[in-house]
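As given in Swiss-Prot:
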BINDING   CYS21, CYS24, CYS36, CYS40  Zn(2+) binding site
Amino acid sequence: MRGGGKKNASNVEPLRATRPCAECGRPSVREHYPFCSERCRNVDLNRWLSGSYAIPVADDESKADDEDER
């Protein structure tokens, strides 16, 4: 091994660039990415579990399926 095998923590590059927290806008941290804290991560999870977030469905797709069955 060259260099003794030890790495200096200041030379380690982050895995990804810091982005604003998806919940509050503060800089995200690696442990809770893309959030800044466990609190923001749990707030977002609660919104998904309570149904506050929903993936929209186009009405045209359901009408097209009905016509195919005829």
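Quick reminder: no glycine exception, Cβ is built from N, Cα and C everywhere.
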Ten-angstrom check, please: count other Cβ atoms within 10 Å of the Cβ of CYS40 (Zn(2+) binding site), all chains counted.
20
Under DSSP, is CYS40 (Zn(2+) binding site) helix, strand or coil?
helix
Taking the Cβ of CYS36 (Zn(2+) binding site) as the centre, count every other Cβ atom within 10 Å, in any protein chain shown.
22
Please classify the secondary structure at CYS24 (Zn(2+) binding site) using three-state DSSP.
coil
Near the Zn(2+) site, what residues other than CYS21, CYS24, CYS36, CYS40 in the same chain have a C-beta no further than 8 Å from the centroid of the listed C-beta atoms?
PRO20, ALA22, GLU23, GLY25, ARG26, SER28, HIS32, PHE35, SER37, ARG39
